[in-house]
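What TrEMBL says about this one:
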ACT_SITE  GLU155  active site
BINDING   CYS111, HIS154, HIS158  Fe cation binding site
Amino acid sequence: MLLMKDIVREGNDVLRKVTDEVTFPLSDETRKLAEDMMTFLKNSQNPELAKKHQLRPGVGLAANQVGVSKAMSAVLIPDADDNIIMEEMLINPKIIRQSVRKVALGEGEGCLSVDRNVPGYVPRANKITIRYQNMDGEVLEKTLRGYEAIVCQHEIDHLNGHLFYDRINSDNPFFVEDNMLILE
Ligand SMILES: CNC(=O)c1cccc(C)c1Nc1nc(N2CCN(c3ccccc3Cl)CC2)nc(N2CSC[C@H]2C(=O)NC)n1
Ligand code: NI
């Protein structure tokens, strides 16, 4: 199982490279990695397992965060009652439509590869449509808003070598762009 020691931290070049397209059918190795990434997120959201294995909780994990430069991310988003509202392997994801209107988490963003607090709003499109492939190679499209849109943009950024703080306004980290929504 993946542990925090397997998570690559900022400063490692693999986080700054554009990841390679995933080809189908998935090799056994790639399929297992995808499964391990989703299992990591599940374990990280389970209080007992997170405590036992010292896991930081996350709702998204990109393959280059575990040192594999492939365009795939696991996303596992629960709601306040721990019902899963999104469980998806995003393979070769692309944002094909995005709103002008921006959104940002009021508390800022965290990242499993960044062992420090970087305060500030991370402005992202409030509504996006992504095109991606699932584990069977089927091409799917999904429209996302708010928190789900934020998480998927954070993960797709990873696959393109970006980290969340690249998007924080350096002059004024808490600058609120026109019409920007702040999610508390
Ligand atoms: C610096 N301030 C902050 O971090 C921050 C501070 C406060 C609030 C928020 C909302 C913040 N922001 C933030 N909180 C999260 N979590 C909230 C807790 N949760 C979780 C925790 C426990 C069990 C189950 C779960 Cl589900 C896990 C996810 N996740 C992300 N991000 C940014 S997009 C990718 C995603 C990610 O997975 N990061 C590792 N940001
Ligand atoms: Ni991250």
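The backbone N, Cα and C atoms fix where each Cβ goes, glycine too.
A TrEMBL annotation is a machine prediction, not a hand-curated record.
A quick note: this is a predicted structure, and the numbers were derived from the prediction, not measured.
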Can you name the residues of this chain that are 6 or more positions from HIS158 (Fe cation binding site) yet have a C-beta less than 8 Å from its C-beta?
LEU15, ALA62, ASN64, GLN65, SER73, SER113
Far apart in sequence but close in space: which same-chain residues, 6 or more away, have a Cβ under 8 Å from GLU155 (active site)?
GLY60, LEU61, ALA62, SER73, VAL75, LEU90, PRO93
Sequence-ordered recorded positions from HIS154, GLU155, HIS158 with Cβ under 6 Å of an atom of ligand 1:
HIS154
Mind giving me a neighbour count for CYS111 (Fe cation binding site)? Other Cβ atoms within 10 Å of its Cβ, every protein chain shown.
24
Neighbouring C-beta atoms (10 Å sphere around the C-beta of HIS154 (Fe cation binding site)):
25
